Amino acid sequence: MGCSVLLLTITVSTLGGLVFGYELGIISGALPQLQTHFSLGCVQQEAVVSALLIGSLFASIIGGWLIDRHGRRTSILLSNLLILAGSVILTTGTSFFALVIGRAVIGFAMTVSSMSCCIFVSEMVTPERRGLMVTLYEVGITVGILIAYAVNYIFNNVPLTGWRYMFGFAIIPSLIQLASIVLLPKQAEVFVIHDDDSRQADRLTEETETSNQHQQSEKYGVSDLFKSKDNMRRRTVIGVGLVLSQQFTGQPNVLFYASTILFSVGFQSNASAILASVGFGIVKVIATLLAMLCSDRAGRRSLLIGGCSMLAVGLILTGFLCRQSVIDTTKRCTSVGPHSNLTLSAEHDEGVGFSSQTLDVHEHLRSFSQSEDIYKWIIFTCLMAVVSAFSVSFGPMTWVVLSEIFPKDIRGRAFSFINCFNVGANLIVSFSFLSIIDVIGLSGVFLMYGVVGIAGVVFIYLVLPETKGKSLQDIDRELSQTRMIHRQELCSIFQRRRFSPGYQRVQLTSTAT
């Protein structure tokens, strides 16, 4: 019984991640067609992209209450039905307003599903498997993104209706997930999957009893997230800091505007830009699988620090390379045609303005075409490194940590509260991306993201404890009793250096003989 419930749980969670990733990635290829079909301007394009996040923000506000009140399974079921409804609205939509409504409905459903699946799986498995199983959700997301990019490429050349097929394809995995949810027992949340080893089973039983006693004697409200009680304020700081670092390193824009970014750095057709974005999807899948295998070995903290460091380096290199390349342009959004504002060919140079170049475009492109081609592939390689670093670190590990650091009876509401910051930051980053490029150029945007990545490394080192191999009760107990250990260690190092005796000049005197 336990194994069958576990398999169904994994199936539901992974399919939820797949649909989540698909909806994140599909807009990248659909946006150029939507821009042409509906004559969308810059703000309208950003609105279609960000409508997903507006729905997600609303879900973050009420989703925690929904999960804690009605259970994880019911929440997943509701989100699945809403995704089906949103997909139908998008597939049959005939106006800009319908696109925004459909994307908002799907955004609400995706967020409820994301929170429910991560919490559900974390409560179902043993500590030794928790990192692996929760990371499976992120694997589903990356596979969904890869499928979305592939579908974008397939339907890119379908005139007029290609974007409808792109949005409608999400119905297939949603129906499969719906069937899996129906088969999942209603009381699956009360099952705990035991290891074959009897001592492990006994330990889990004891921890379950301890957890029940703890819930009876200790109840939390949302206001407790801001109090020093059981170090809840510290846990909230950890969660908020992780999601803000995750979003302000610009990863959402690499997903939402992948084709736009690749087009702007030299992939001079929609098809080539979309095909190159498939490479992002492949790298994300491979890197996430690596994180899944290493999360319970290397640990959450190590993967976050290492991945975020690599992320920062990749972003800064991309920024400098864009600045050196003649491709570093400021954008002027138009609704003439897909990516017409980014075209670098000599035939369409009238709409392109260079942020720091005043040379004639025709002569410049003829003189440096080979150099541009080299820059294009180096930048593409750096972006691949950025995508893989994110997929090893922030992508899966943020949600693993968030599912572990809060007590069970407030976990849903805490997850929801933290996700409000996650979605809010995502909304700011995504909605302002094209406008910021107009002001500081593509290189400035990536350099800014790189600085945030460096700050993220420092934050993780100072405040995040390692949680690998620990039960949820052990993590709760440790966080309730300890402060920011790594910050104290760092301060002690500086204090030792400050008060330790420095070098002293020794004067040697010679005595006359």
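Note: Cβ is positioned from N, Cα and C throughout, glycine not excepted.
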Membrane_side_equal(ARG69, GLU478) from Swiss-Prot: yes
Per Swiss-Prot, member of TRP377, TRP399 binding D-glucose alongside GLN246, GLN247: TRP399
For the transmembrane segment (237-257), sequence-distant contacts whose Cβ falls under 8 Å of one of its Cβ atoms, 6 or more beyond its ends: 24-25, 27-28, 31, 49, 145, 280, 304, 308, 311-312, 315, 383, 386-387, 390, 394-395, 398, 401-402, 405-406, 414, 418-419, 421-422, 425-426, 428-430, 433-434, 445-446, 448-450, 452-453, 455-456, 459-460, 463-464
Whether the transmembrane segment (105-125) meets the transmembrane segment (7-27): three or more C-beta pairs under 8 angstroms: yes
Cβ contacts under 8 Å made by the transmembrane segment (81-101) with residues that lie 6+ beyond its boundaries: 19, 23, 34, 38, 40, 44, 47-48, 51, 108-110, 112-113, 164, 167-168, 170-171, 174-175, 178
Cβ-based contact of the transmembrane segment (444-464) with the transmembrane segment (47-67), 3 or more pairs under 8 Å: no
Paired segments the transmembrane segment (165-185) and the transmembrane segment (7-27) in contact, 3+ CB pairs under 8 A: yes
Segment-segment contact (the transmembrane segment (47-67); the transmembrane segment (423-443)) at 3 or more Cβ pairs under 8 Å: yes
